[in-house]
Amino acid sequence: MTLAFLKVNSMVDINFILDRLDLKFKRRIPNIIQSESSECGLACIAMICRYYGMEIDLVNLRREFGISSQGATLQSLIEALINLNLKTRALSIDIDELNLMKKPCILHWNMNHFVVLIAIRNNKFIIQDPAIGKRTININEFSNSFSGVAMEVWPDSNFKKVKKISRLNIRTLLNNITNFPSSLLKVLCLSFLIEGLNIAFPIGTQLIMDHVVISSDYSLLTLVILGLFVFTLLNAALRFVRAWVSLFIDTLVNVQWKISFFDYLMKLPLDFFEKRKVGDIQSRLESLDSLRNTLINNIINGIVDGVMVIGLFIMMTLYGSKLVLIVMGFTLLYIALRVLMYNKYIRYAEEYIVKSAEANSHFTETIYGIASIKSLGLSLSRSKNWLNLNIEAINSNIKNTKLSMFFYGANSLISSIDHIIILWIGSLMVMDNLISLGMFVAFNIYRSQFSERAANLINMLLEIKMLTLHCDRVSDVIFTDTENYQPKNALILPNKSMDIRIDKISFKYDVHSMEIFSNLSFSVKAGESVAIVGPSGMGKTTLMKVMSGLLSPTSGNIYINDINVDTIGLNNYRDRIACVLQDDKLFSGTIAENISSFESVKDDKRIVECAILSNIHEEIMKMPMGYETMLSELGGSLSGGQKQRLMIARALYKQPSILFLDEATSHLDLKNEAYINQSISSLKITRIIIAHRESTIASVDRVLNPWEAIAKLERRSQRDVSKIND
């Protein structure tokens, strides 16, 4: 009977039962902030995994379970958790039943978000929100946001506590900087010389008090004072040289890091930018500045302070070994205080970075959409939203500033109490003739320097520890896979057309999304013009982005002159194509610079030719500054039709072999459109057009509806199957 009972209940997951029993020490749920606007679900998974011992970051989760910009469903999260050997139980639940849930658990939030519920205490709900961090909210606020769906998560028997962290290696970053080691060595040598002179000053003070004053030795006094004066001048000169070399290192690192970061950013796929806000990407570049400032200043100062702390400790021991114990006791007290408050400090710092990025994104978005905002009368609401976001960021910074003020005040208090006790006990030792007055004064100088250096060293070590925050933010960019680039080569001569063949390509935004299109195959001959048609929403623009290399197909291949684009490399392929897309932009600069795509040596004759082909030349010449007319990134005072014609001229300036046009003449009148179509036709280049206008469609050699062709094939296949069954 007992055996039967055990056998039946063995079907129950023992890990689930044990994990529900509160037998373990408290584990901390890390704060993981989402990088992409739609990856709150992945961030929740990362937090749950870390809680149970699997060290995994968003970079690796994104590679395995990529989420589209449209977000994740509960089912997609369950599938991801199962793949990570985590069991789940999704429930529709009331708020008063959440106490019964195994925590941490994932909650559906505001109908469009996921958060992690950590605990419920005194009718307060503690959650980790991937968008803003840790929050403690009351039941009313919780009730307004909780959607009524919760998911318990616990490890199964195959769950492994592995580490999958892609984090930037600071040593690698520094090793790639030209002349960095030699420059750093120079600064360190100069710093040690300066500190050596600083150590000499208390010895001079002791000589004066213990020998010069007592014996009234005027010649020795003059000699010591002259020596100290020379040391002071030498100290000032060395400090100037060190500052100059430090400036050189800082500039070197700043330029090389930012160039490398920007170059890498330009090689990332389009979907990286589509899933992120502008302010967030910009904040990651700013994290490089934080890394640089902390590393360049703190590495040098840290090494020097570390050596000085050891040296000063030895000097204090020589002068008053008993007094050293008091100094060390207060130093350890300050260390304990900083370590205990570290987690709160880093949480506030991350919160400030995220909220500042949110405010910056809102500001940039407002500037770019200013025409729509004014026409819709949204100025006041946008201002209020921006103010609220800024206040949240400022409040986060205030929290951090308060902590810094607390540390500064605590350090001052500890140092003052330390000084008073040393003064008391040291004076007793002088009166008991255990040490001389000069030794006591020298010890006090060394103690003051030691306390200052020790505090600096502790703060520096914690600042370096905080670099993991900035490293993680930069790593999110650096460890994202780049597009397929190949060494530069002359794929084909300019203006010579190319044929393009699409072979069974399919596309969907992530593994959980529906396919936008599937198994498309067609070809366009060199010099041919083709219009791709189909109902709105079928994926024509997405297809063009795939054909032009902006998006990668889920399956299938694209061939240019029977060469796979993957073999050619996207960089070489893009050198020979040009696109005018629906959401194309002009950039800040002159009209000539925009047409020539800011070439360092632009061809003025070709600029004019392309403007004539796009029927914008005469209008440019009527402008006071002609081709030197300045444009802002928003297009200035140009009309929609003028912008489109400038973009067409810019595309033609590249002398492409294939020209992709997505509604490129939608803002033009029929006369302008007909002129441009005729001009481009005369170039005999391969043209692929998406359009709804009949006049545009009529101008091409062939009209192609890939979806209709697939539908016909499917219907024919169904008829064949029916015949076989009959």
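Just so you know, the numbers here start at 1 and follow the chain as drawn.
Note that Cβ sites are derived from N, Cα and C of the backbone, with glycine treated the same way.
Where the annotation comes from TrEMBL, it is an automatic prediction and has not been curated.
Worth saying up front: this structure is predicted, and the values here are computed from it rather than measured.
Looking at 42-64, 295-317, the range tied to transmembrane segment in TrEMBL is 295-317.
Residues 190, 193-194, 197-198, 200-201, 204, 207-208, 211-212 of the same chain lie 6 or more positions beyond the ends of the transmembrane segment (220-238) yet place their CB under 8 Å from a CB of it. Long-range contacts of the transmembrane segment (187-208) within its own chain (CB-CB distance under 8 A, at least 6 residues past either end) are made by residues 220-221, 224, 227-228, 231, 234-235, 238-239, 241-242, 245-246, 249, 300, 303-304, 307-308, 311-312, 315, 438-439, 441-442, 445-446, 449. Within the chain carrying the transmembrane segment (421-446), a Cβ under 8 angstroms from the stretch's Cβ atoms is held by residues 201-203, 205-211, 312, 315-316, 319-320, 322-323, 326-327, all 6 or more beyond its ends.
Counted with DSSP, the domain 'Peptidase C39' (34-153) comes out as 42 helix, 43 strand, 35 coil.
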